[in-house]
Amino acid sequence: MSLACSRSLFFMAFTAGILALGASYYLEYAVGLVPCSLCLVQRLFMSVLTLCCGLAAVHGPQRVGLSLYWMVTLLSSLGGTTAAWRQVLFQSDSLQELAHCAPNPEEMFSSLPWLCALMRMFNDTADCAELSWTLFDLSIPEWSLLFFVGMSILAVYQLLRQVWMALQRPLSGQPSHPALVRD
């Protein structure tokens, strides 16, 4: 029962990620919105999250594999939450305080080491502070933040559930705590 439940949760998270990525590409190519550097970072984390959930749904791992997949999901959703939160903060700042020239991601990654390029993408730029599109009075980074926070909550809940199940039924078949002998 637990395996089927985990596979369906991974499949639902995979489907939500595909829909979110599809919406971002639709807004870029059909509507004409140009993504800023933080949007590209959020897409990267969302792609990792979606790929991880898709692999887990197909793979159907057991106890240790489930924990690893949920951990990767949690880490990628926390990275996306950080990028989305940073962009939401940029949108609340005044544009005069932000740098006016946004770094080109292709040039940065070709000329700088990866870590330096990622750090530079988190600098204040006016491109990331523009409110170009809203739905229900929420901007794209706010929707992205809601998605990543939801995925983080799901991953934390599933990891805590895995820990609880491991305490109740360890791999050896013996309870790990005397209070759980009643089982």
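All residue numbers here begin at 1 and follow the chain in the order shown.
Note: Cβ is positioned from N, Cα and C throughout, glycine not excepted.
According to Swiss-Prot, the feature disulfide bond maps to Cys36-Cys39, Cys101-Cys128. Positions annotated as topological domain 'Cytoplasmic' by Swiss-Prot: 1-9, 62-68, 162-183. Residues or ranges marked as topological domain 'Periplasmic' by Swiss-Prot: 27-44, 86-142. As annotated by Swiss-Prot, transmembrane segment applies to 10-26, 45-61, 69-85, 143-161.
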The topological domain 'Cytoplasmic' (62-68): DSSP-derived helix, strand, coil residue counts: 6 helix, 0 strand, 1 coil
Distant-in-sequence neighbours of the transmembrane segment (143-161), which means Cβ under 8 A and at least six residues beyond its ends: 6, 9, 13, 16, 20, 42, 45-46, 49, 66-67, 70-71, 73-74, 77-78, 80-81, 84-85, 87-88, 135
For the topological domain 'Periplasmic' (27-44), the number of residues DSSP places in helix, strand and coil: 13 helix, 0 strand, 5 coil
